Amino acid sequence: MSETPSSSYSVNHPNSSESEQSLSTRHFNVTEPVVAKRICFYKSGDPQFNGIKMVVNSRSYKTFDALLDSLSKRVPLPFGVRNISTPRGRHSITNLEDLEDGKSYICSHQRKMKPINLEQASKKPLPWQISRPVSARRRAVQLARQHEDGFGHRESRITTPKKMLVFKNGDVRHRRTIVLGKKNTQTFEAFLDYMSELMQYPVAKLYTTDGRKVPNLQALILCSGAVVAAGREPFKPSNYESLGYLRPAKLLGIGNRVYPKANAKSESEKSKKWNVSVFTSDVPSAGTSSKVYIALYGDRGSSGPIFLDGEKGKLFQRGNEDIFTVNTRNVGHLYKIRVGHTNTGNSPAWHCKEVQLLNLFSGEQFSFPAHRWLAEDQAGGEVSVELPVLYQGQPILPVTVYKVHVTTGDLWNAATEADVYISVYGERGDTGSRQLLRSQKSKKFLKGQTDIFSVEAVHLGCLYKIVIGHNGLGSGNGWFLEKVVIKDPVTDLDYTFLCHRWLDQGQDDGSIARELPVTDASTFPGRQELELKREKTWAAERWKFQKGITLQFYNRLTHGFICLYPDSRVDALGDKKNKYGLFDVNVKRRNRCIFSSHEMPSLALALVSGRVTGKVGSGACCELRVHLQPDGCAILESASYPGHTVAFSRQGKVADERSGYAGLSKDFVVHVKGVFHHGAIILLNTSLCQALSLRPDGSCSGAGQQQQESYWKVHKIGSGLCMFESVKKPRMYLKIKDDQCDGTGTGDEYCHFKIENNLETGSVSLESVRNKGIYVGLLPDGQTKPVVNTGERNIFFYPQVIKFGREKPMGTSAALKQEKKEFRESPFQPGKAQEPEPQRPSTPPPSKEMRNPQGGECPLPSDDEWKVSILTGNAGTEASVALWIYGDRGLTGPITLGKDNRKQMFFPRQEDEFQVKMNNIGNIYKIRIELDGLPNDQPEWNLRRVILQHLKSKKTVNFPANTWLSKNRDDREFLCELPVVEAGKPIYPIVLYHVYVHTGDLEQAGTDSAVYLCIYGKRGDSGLRLLQKTCVPVTFQRGMVSVFEVEAVSLGKLQKVLLRCEASTKSQHWYCDKVIVREAENNSEYVFNCERWLPFMSQGIILSEIELYPQAFLFIFFFYFTEGEWKITVVTGDFETAGTTATVFLYAYGENKASGPILLGSGKQQLFNPKSEDTFKINLRELGQLYKIRIGHDNTGNDPSWYLKEVRLERTVPLSDEEICLPVESWLSEDKDEGDTWREVAVRRPAEELLPLLVYEVHVYTGAKLGAETDSNVYINLTGTRGDAGKRKLHRSKNNNVKFRHGQMDIFCIKAVSLGDLEKVLISHDGAGPDDIYTMLIVFINLIIFYDGKTERELTANSKYFVKENLLALYYILNA
């Protein structure tokens, strides 16, 4: 959206006050003097366009985009004025400074310009362009002069005007009637441009209605009454009939008109008469009180809505058939109807059964079954339905549900409460006006929100436009629409309709409805939208790149500023006060600048051979092109070598070819130095085109325009402390008082604000000095309100300097002195933190305010020292506070925060500081705070924010809170978790986990003891939480399910839970069946089986807690059953020692592929006990017909040996009655039977023999070289044409007690289902021997020979591939 030019500083102000005139003068003394340029603009390729004479200056047009918008309204071009160039089209104009006084320029809607003869264009208009008559003699003289100039040549002559109908290629409904005359037939190219303007799309070719190309003007003149206009696509046949469309349309309710017989067709072709029968269903409340209408659509157009009127109160009642006779225009071959109602009356809901049509001229009959509700409170909420024509019982066109994505702009007050309607247009008609009623969001059309609606309609073909608007009702009816995206499920295409305008009677042009053409897919809508945002960002931020401005460039990756040192070295590690991080702007032109060091003006940033460095002078390598991104960040690119940009590595060093692309950062947040100097006049922008403004009633709004009512004068009263006085209304200050934020302040202490810089966003926040922790905030409608910092962007303001002030104020006010005195008398003092480890001397932060008792400065902080700042809200606490800090490498905590005198801590609206030491835990992502220490009281604490600052690097981590730690408010707890907030958004969301605890149905299974739960996930844990409800004692009763909620920063994929029951007597013991944790955000569920008593005895020790792991199928989605589901039952032996403590895995092999390892569970989870049958659900989708399985364990736990009796498989989806029983009857153990922990079992396939179980004998030759032996565990995997045998441990040698000695051959046996022809072998070891740090662990495998245990034949080798039949020979060295 272009900015509205401000007229506040006009040169002539006869009624202005003296203060306003003086302010205007000061303003223009700072900026460049106003120079008016008189310029004439012509239309590209049109010598008959007279030209637009305009006066251009900085007052009338603040930006180049504003000039383009103004020209678009005055120069008729299909897509508006998008480019301006010199008359011959050689040089493009990109900013206002490039325009020269007295010159002429060409306007075009595309990059390619068509030059014109300015001498010809500047002459008086030709006769057909003016209304007054011109004599034949004068016309002949003008035409003769045109021939002399060389511009009088014509391909053909139009002597008399000719009427012609022009159709859009492939769309008979998109048509225009034109008159061929001398004005539009100067040249064939000019005529195509004229058609492009008229048809509103680029016309490149013309065709006759039967598909012949029209190559020139002469052929055009000889055409019959109609032509087809096309772009670059080929001709699309359709029913292009000119005479049917040249007659005036017959309107409903108007009597028959009589046309001359020569031009008339038969009555049946002019109009149609239909019998309409409407059947209302015979269900309760099926009738309606609304007005019902019908619309007919054919290949010649639509009838429009026809209301089916009759005797009121008797139509469309339950079970009735209502018959009507209607007249319509000739719509051609019917392909759909729309029937609906107006949703009025006492009972508007209507259940339509069927609609029948009878063409009274042709006798054609059509039946349209509906059988649906048309009501806002029923089914899909639609009050109309589209029904396609049926042919042999099938619809001739599909009915589709379009997904309409409506994005409201991210501007303040952009939301609307009005009813929004849309009409979608395509090649096959339109949807009619539909209300966007049901969004997937709870509230519709909120600021920055995308709402998704469903619109059901007969398929429209290719979409080309929409009409969207609202009814203007409601308290906040204005609306800023960003874009609409419609997804077509039939063609899987997305249609984008960009708007980026207000639909508001008080904004823009006052329109509340917009017609939006589809964005050309060939231009990539996303890229077009991105370029539009970049242009608007440049228009809003270009003030920073004016001559004389001093800048700083902040890098988000390194958290430092760019610094240029005297030795020409550059890095991105500086802090905000580093003098080498300041750069003065020297503008070359538009966005090409030289950034000279403020400390050393002769030295400037430069890009040499792709590396950033410092250079003396202002050579070409110092010229950098500034590219602003939509988020406001700048990319600095070499003006001489495009593609070379200023970039730094993650460590803040200059990037080079060795840095790699992944870890580079080239985006910089631009900060202007001296914004809040005393006397400065600034804008506090809230978006690219809005600012904080003072309203006439004294209230403030962030939705104001960037004009004089939004100008504020800065009064600096101290370091980082300012007041803001309205420029338009002097002596009215911004203030926060009595829970109100407005502009009625008088300059007292309520008007004092602390400027808080947000380095990551380039914004500032205004914190009240009087009410610490309270900021100037904005509601969604833009209204100002005192708020706390919750991490949202509603407290961010982006200052823009209109006039710079003085760096140091001349004096300070009495109010300031009083405020400073209050600060000195404040009881606040930095506190100490008690750490979980033994106490160590705490080192205070190295700031100017903190000195040691001897008066010297504090020693430099170490790398593990942090400062913790905690701001209390309106309610304090005397309880102890414990802190946990989580990073991606670990956690620290609990850290007890307190002082020797606890009553001085956590007072209301007080900020307490602590110093802590913690080891390197990586990047911090969350904290947990808990109240502790007052068991007989109910502490209540309002926590507003927590800030962690690394004392050495000054890196700051923010945790906005604004929460209560209390049992008296809602369902709050004594603890809370807070995620890190960056750029106004939390890096991880806060998730509400629903916990279902199942108590077993055994005698005395319940308990009234305290039960605790801790949830562990990929991102840490939730902490140990007491399972209780507000003010209600929880008892876990026999056979009951207890439900709790645990709120925590998202833990990612859950891994386990810790369950604790603190029972003091045996009668309080508890039997837990299972715990289920549900995460509603991603619709997932985790089941943790327990099935045991708590506390329990283990190795003579009573344990009150147990770790539970999820079942084999961790994510059990609510819509779980899909193709390929199996139920597997694992039967363990029926004697006492048959169970296992190990973790069991399963592999399944099919004709198509093999599954990966499927985790079934662990003996630690009370699975695979003696005499037990454990059942699991697994997914074997896309494996094909099964032919074998492999089951085994990892040999972990105290007693891993396992006797497996059998495995049973049963297919559940699709359901099968057959159960596959696979007997095993063997030990899976290293010290029993064959010493193998894996077993393979063949699965019988239909019409095929069962694959045999073979014993492969493996001979391993260890090399004779010194040191070739190993004590490590050696593993082998055999692979053949029928899969592999899995990774098997070579555990027991048949011929040697000690394996793998140098020069020794060892023999092992591998039992597996027949692998077919062997192809390869994978052999490895785990390096777990006693000398694993030495090269003695190198295993030299000289030869491996396999004997097929069934045929007992030795297999021979192939020297080329080491494979012949079933023998493999391998020479290889395995290095640990």
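The backbone N, Cα and C atoms fix where each Cβ goes, glycine too.
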Region 'Disordered' per TrEMBL - which of 1-25, 426-450:
1-25
Where DSSP helix means H, G or I and strand means E or B, what are the helix, strand and coil counts for the domain 'Doublecortin' (162-241)?
18 helix, 27 strand, 35 coil
Do the domain 'PLAT' (400-517) and the domain 'PLAT' (991-1108) share at least 3 Cβ pairs closer than 8 Å, excluding pairs fewer than 6 residues apart in sequence?
no
Run through the domain 'PLAT' (272-388) and tell me, per DSSP, how many residues are helix, strand and coil.
0 helix, 62 strand, 55 coil
When secondary structure is assigned with DSSP, how many helix, strand and coil residues does the domain 'PLAT' (1124-1242) contain?
3 helix, 64 strand, 52 coil
Composition by DSSP (helix, strand, coil) of residues within the domain 'PLAT' (864-979):
3 helix, 66 strand, 47 coil
